[in-house]
Structure formats: structure tokens, C-alpha cells
Amino acid sequence: MLPTTSVNSRSQGNGALSPRDAARHTAGAKRYKYLRRLFHFRQMDFEFALWQMLYLFTSPQRVYRNFHYRKQTKDQWARDDPAFLVLLSIWLCVSTVGFGFVLDMGFFETIKLLLWVVFIDCIGVGLLIATLMWFISNKYLVKQQNRDYDVEWGYAFDVHLNAFYPLLVILHFIQLFFINYVIISDSVIGYFVGNTLWLIAIGYYVYVTFLGYSALPFLKNTAILLYPFALLVMLYLISLACGWNFTKMLCSFYKYRVK
């Protein structure tokens, strides 16, 4: 079972929630509502989810301002509409099929790669990262004077999805047009283009993750989430000096997976 946290709600005059309101605001009730809507496409706001995907590239701060609005109106930080997750899954499936085509994989090899990417790379790694960030933020970043507040696990997972989407588009879509003709060639320009795309993609992930946690008013010292930038730039420079080609290694790894 995934870790959950209770969400502070507006209390009554005596400082306690009524039994009805308490049941409605539990993490389990919110999770049930989210999963139930996952099977009702007509209840999902795909237009708004597309708006969020666009602004994650152009102005991610606006996306997190909407999370503030949700907290004020629905008393939760995490999304209550799975439309973003559904569209992200579609993007992931389409781009992975494109990867299979570019790498000249057969039908069954592409299906196998798709299952690996969806259930291990996206869902499995996403659950792990969200749980780790949920623990770290609640353990070390919550302000002392606001101990009654905590980071919802669902919000931590939403932050991961927000940060993962630009990375997915850059590495699993834009990069496809350059792999065979530029990136995997044994030339300086090849690993320069490929590694630069990796730098941009992971840099986006770090930045959007930082914005997600810095948007929570009860967290402190969120600037430390930007520290991986230094390690990222250092690794990028070392890779150029040593001639490492991250995309070529990824392609070899994908081919090894489907053997």
C-alpha cells in the first residue's frame, strides 16, 4: 500500500471535523475518488490537462498556481482528475512505439519494450521517486512552526509527473528525429547533440520538481532541490571530454531489454 498523509481541512468551531467531513477528507477517500474517475473518460477535463502540458514547457509556475487554487477550493494539493495521467500514458506509448521503429525492432520486441517503459521506467520509478521525495520533504523540509501541515503523497506523485513530461517529450520524441542520422554516429557532433538533449531534459526535471515543492508555503530550504544542477553540468562536461554517448547507451540498453 502506498504511503498516505492526512490533509488539514477547515475545522468547526470546536476545532474538530464532523464525522462526515472527516471521512470525505481522508487520503483513502480522495484516492478512491481519483481511481474511480480513471474509468470515466467523460468526467475528465482533457482540455485543461493539455493546457498544463503546454505550460510545463513555457511557464511551469502557472501550473503550480493552479495547485494553489485547488487547495483553496477542494482542500487538497494533489490532482483529483486523472486526465493528465491518461494523456501522459498515451504520449509514453506513442513515443515508445516510435523508439521501436527507429531502432528497427519487430512487433513483439516493441510491445515488450512498451511494457518495460510503462510499468518499470514510468510507474515503478515514479512511485519510488515520489515516495522518496514525500519522505524527505516531510522529514526535513517542513517548517517547525507548521508541523500540522505535511506533503500529500499524491502531490509528490503529481510533481514527478509534471517533471517527467518535458523529459519524456525531449528524450522520447524530439530526440527520435536525430538518433539514426546524427546522435548515434561515431562523431563529436553526435554525442554533443545527444548529451545536450539529456542535459536539457534532466535539467527540466530538476527545475520543475523544485517549483513543485517551493510552491508549498509550509516548506523551507527548497532551494537545495536545485543542487543536482551542479552535478548534472559536471557530468555533462565529463561526458563530452570522454566521448560518452548517453543516447547510444540508452539504445543499447533498450535492445538488451527486449532480447
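Each residue, glycine too, has its Cβ placed from N, Cα and C.
According to TrEMBL, the features are:
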- 1-15: compositional bias 'Polar residues' (COMPBIAS)
- 1-24: region 'Disordered' (REGION)
- 83-102: transmembrane segment (TRANSMEM)
- 114-136: transmembrane segment (TRANSMEM)
- 163-184: transmembrane segment (TRANSMEM)
- 196-219: transmembrane segment (TRANSMEM)
- 225-247: transmembrane segment (TRANSMEM)
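Non-local neighbours of the transmembrane segment (163-184) in the same chain are 53, 56-57, 88, 91-92, 95-96, 98-99, 102-103, 122, 126, 190-191, 193-194, 197-198, 200-202, 204-206, 208-209, 212, 245, 247-248, 250-251; each lies 6+ residues outside the stretch with a CB under 8 Å from one of its CB atoms. Of the candidate ranges 83-102, 114-136, 196-219, 196-219 has the most C-beta pairs within less than 8 angstroms of the transmembrane segment (225-247).
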